[in-house]
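Student: To start, I am sharing the structure in question, which I have written as structure tokens.
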Amino acid sequence: MTTVWAGLATGAIYSLVAIGYNVVLLASGTFNFAHAQLLMVGTFLAYTGAVTLGLPAVPTVLLAAAGTAAIALIEERVAIRPLLGRSDAHGALITTVGAATILDGLAAAIWGRQPLTVPSGLPDRPLTLLGGAVRPVDLALIGLTLLLGVGLHLWTRHTLVGLASLASAEDRQAASARGINVRLLGVGAFVLAGAIAGAFGLLVGARTYAVFDLGHALALFGFVAIAIGGSGSQLGGLIGGFATGLIYAFAVRYIGAAYPQLVVFGVFLLILFLRPRGLFGAALERRV
Amino acid sequence: MAAVVNRLRPLGVPILLLLLLAGPGTGLINSYWSRTVMLIAILSLLVSGLNVVLGYAGELAMGQVALYAVGAYVAGYLGVRLGMTDVTLALAAAVLAAVVVGLVTGVPGLRLGGWSLAMVTFFLVILVPNLIDVFEHFTGGTLGLAAAVPTLFGAEITGDRLYILILVVTGLWFAVARNLLLSRHGNMFLVLRQSPILASMLGVSVYRLKLLVYVVGAIPAALAGALFSMLDGFIAPETFTFALALSVLAASVVGGSTSVYGALAGAAVMQLGQQTFTQFQDWQLVIYGAFLLLAGVLFNRGLAGLFHDGVAAACRRGWLPQNRPSAKAAAASEGREPHLGRLDGAVLRTEGLSKSFGGNKALQDVSVEARPGEVTALIGPNGSGKTTLLNLICGFYRPSGGRLLLDEEQVGGRAPYRIARLGVARTFQTPLIPQHMSTLAFVATGRYVTHRVGLLAAVLRLPAFRRGYAADDAEAYALLRLLGIEDVADRPVNSLALGTRRLVEVARSLAAGPRVFLFDEVGSGLDESDLVVLERAIEMIRAAGGTVILVEHNFPLVLKLADRIHVLSQGQLIATGTPAEIQADRRVLAEYTGATDDEATEPATRKGGR
């Protein structure tokens, strides 16, 4: 059961990345490769708040959320907006990788290349729950991620803004013609995704350390979560993330410490091959 | 003068290579610079592989570094553990390994477009240290692997000989890349990059072509790895980092992804930058990122793009002779009156064809027939299902019900490229036009599948390739002449005005010599003189025995051209008849004008309403 808890806690982080991808994808149809880097920046800002400035938990979370949201806003302005309306769809492939790389480089320059320990402020002693040991911070991470994922899922399906975002992801021009402010929606999605990533910086950092290349692994596993869950499905991404975490944890436990990434890679290839739309995604037909 | 320049043009690259080759032997460059040249050559191989995939097929493959590692370890393992130090063997084994890795990752990674391949290949890079560890027995693990001294026919390849080997291999690869990319295959890659839909309409399986491009792009990376292991004599896991992957990507966009030699320029900039600026290490990630961001946003075509613009400007001012590839084709078609050969039209029939999206019934129970030597028009208001019907015929949509028959063979539900190969050609409401291609070359892509020249023939520039190329160009030119637009043959096709683009699309669809033509609002946006040309072209197709299906809003044009008209409204067929009958049909009139006299509001016409 301890393995399950470890898997769920790691998986929660992957779910967070997948949720961030989906928030932007649903509102603007863009895949923001740099989202995992936003989470990385969130962990560093949480470190700055909690350690450098010595702030309590709530102001730290607010600081990290606001800071990361601001960076997401800049990213949207610099790397995404200039590409809107281009016929060539490959631009974002390059610019978001560029933005991610700049964030990596800046984080390394500002906070150094050594991992930093982020204190969560929660007690460190593991609890015994359902026959397995779990740290309170991990429990908080799992719980809040679940809450966020389900909340966003309901929000997209049942509120006007959520439905508008679905509509504009489907067809920007049609949505625009219906009076939806497509651009504002896109910017809003980036800010929301950034704020979420920042707000979770403290909990994520407490589990993984703050380190400049955190984004690489998270981007990949977050994408595996999307591949499992189907792109654009918040619930799918949530489940996909937890599933990825569990696969990872069980591979470590039963195969060996060198293998979990290989196993996840194998699962990833298998899913792309057998169910390219994800286990939960519906097949969409191409439009001409 | 002009003739001399043109004659020397293809020799420029070999001459440069010869000068470089002679460098160390004649004391022209010292060992520092010879090593730099070798490193640039190796990096340019990595970049060139990425260019093939990113610049031509439009897929982002970040795994060049992983393939680089594969090449290095395969060559190292053969030399150290098996004692096979022959370079030809090492390079061949590296290529084989690259193809295997390319297939294993490409087959699943390319199932979905966009980010899947990027992520699969990115994953591969992250896995490299992991794999080195797991296969410690083969790779020497984190300690690295000391490579054996390479040999060629028993002679040791070190010093100047290694220098020559690396440059020759690099030169050979670039020759292969050039011959591949500057051929119909390369043009088809560009079409694929711009629009997979258009590629499948030209009868190309998008998935297979992408896989081919991706696997081809993997080869130089593995070659680079094998060469690098010979250069350094030691294979260290630290070489194969994510930062290297990013520098390859940055070099690609700096040099210009959609170019052959841009890889060399980009690699040189990156390599020299790293060696010259000591601060480069600290800020390399920021620099790479900035390059990517700037190149992506400014849409710049890199150094190669600047070079091409410069050459084009020089040609315009008469400093350099104009290069007119269509001149030969023009000469070949000189004196021939433009005319269309016999077309083997097919009967296209739908039986109760239906399509629904979720609960929305876009098309219900539509049965139409289009016969050879006739123009069959589909008309109806916006949203009546005309384009849905075309998409069903092309295979872009799967029918929800009913049958689609081509000469009595049921083809409904087949993949678009299979239907295209049966001889169904199409133009699009918004013409699909690729970038970086001349009009002549674009029209010739229509013949890619029907008059295929093999990959090997193109790479080796065999006589079959030259013959095929000349025939393609002549045919394309003749078609442009047929449509009266031969003067734009050498212009970039994406620089043309909308009206001309439509005519170019008609020429392209004719190039394959198809059996059924689907023209989707081909007349809209054309001015009077272009319309006259178009009318004449459609009449010629009809006279030549082709089957024409015309979707058109221009009612007078339809009345003039069509032999038979089908009227769709709200997803249903409401009338079929000759132009005269349709013109007299009051229900059709009601649909078009909103007139509501008694007859026009008969219940029968309204039953399709939701």
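FYI, residue positions are counted from 1 along the chain as it appears here.
Note: Cβ is positioned from N, Cα and C throughout, glycine not excepted.
Note that the coordinates shown come from a computational prediction; the quantities given were computed from them, not determined experimentally.
What TrEMBL lists as transmembrane segment is B:37-58, B:65-83, B:89-107, B:114-132, B:138-155, B:162-181, B:211-230, B:242-264, B:285-307. Look at TrEMBL and you will find B:348-595 tagged as domain 'ABC transporter'.
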Student: Is it true that the transmembrane segment (B:211-230) and the transmembrane segment (B:242-264) have 3 or more Cβ pairs under 8 Å, skipping pairs fewer than 6 apart in sequence?
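Tutor: No, since the transmembrane segment (B:211-230) and the transmembrane segment (B:242-264) share fewer than 3 Cβ pairs closer than 8 Å, they do not count as touching.
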Student: Tell me, roughly as an integer, the mean pLDDT over the domain 'ABC transporter' (B:348-595).
Tutor: 86
Student: Taking 3+ C-beta pairs under 8 angstroms (sequence gap of 6 or more) as contact, is the transmembrane segment (B:162-181) in contact with the transmembrane segment (B:37-58)?
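Tutor: In contact, yes.
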Student: Take a look at B:37-58, B:65-83, B:114-132, B:285-307 and tell me which one has the most Cβ pairs under 8 Å to the transmembrane segment (B:138-155).
Tutor: B:65-83
Student: At least three Cβ pairs under 8 Å linking the transmembrane segment (B:37-58) and the transmembrane segment (B:285-307), pairs spaced 6 or more in sequence?
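Tutor: Between the transmembrane segment (B:37-58) and the transmembrane segment (B:285-307), contact is absent.
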Student: Answer with yes or no whether the transmembrane segment (B:285-307) touches the transmembrane segment (B:65-83) by the criterion of at least three Cβ pairs under 8 A, sequence separation 6 or more.
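Tutor: Touching, no - the transmembrane segment (B:65-83) and the transmembrane segment (B:285-307) miss the threshold of 3 or more Cβ pairs under 8 Å.
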Student: Quick test of the contact rule: Cβ under 8 Å, at least six residues beyond the ends. What residues does that give for the transmembrane segment (B:285-307)?
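Tutor: Distal contacts: 243, 246-247, 249-250, 252-259, 261-262, 265-266, 269, 273.
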Student: What else in the chain is close to the transmembrane segment (B:242-264), if you only count residues 6 or more beyond its ends and a Cβ gap under 8 Å?
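Tutor: For the transmembrane segment (B:242-264), the sequence-distant neighbours (Cβ-Cβ under 8 Å, at least 6 residues beyond its ends) are 13, 40, 43-48, 50-51, 54-56, 62-65, 68, 122, 125-126, 174, 177-178, 181-182, 190, 193, 270, 274, 284-285, 287-289, 291-292, 295-296, 301-305, 308, 435-436.
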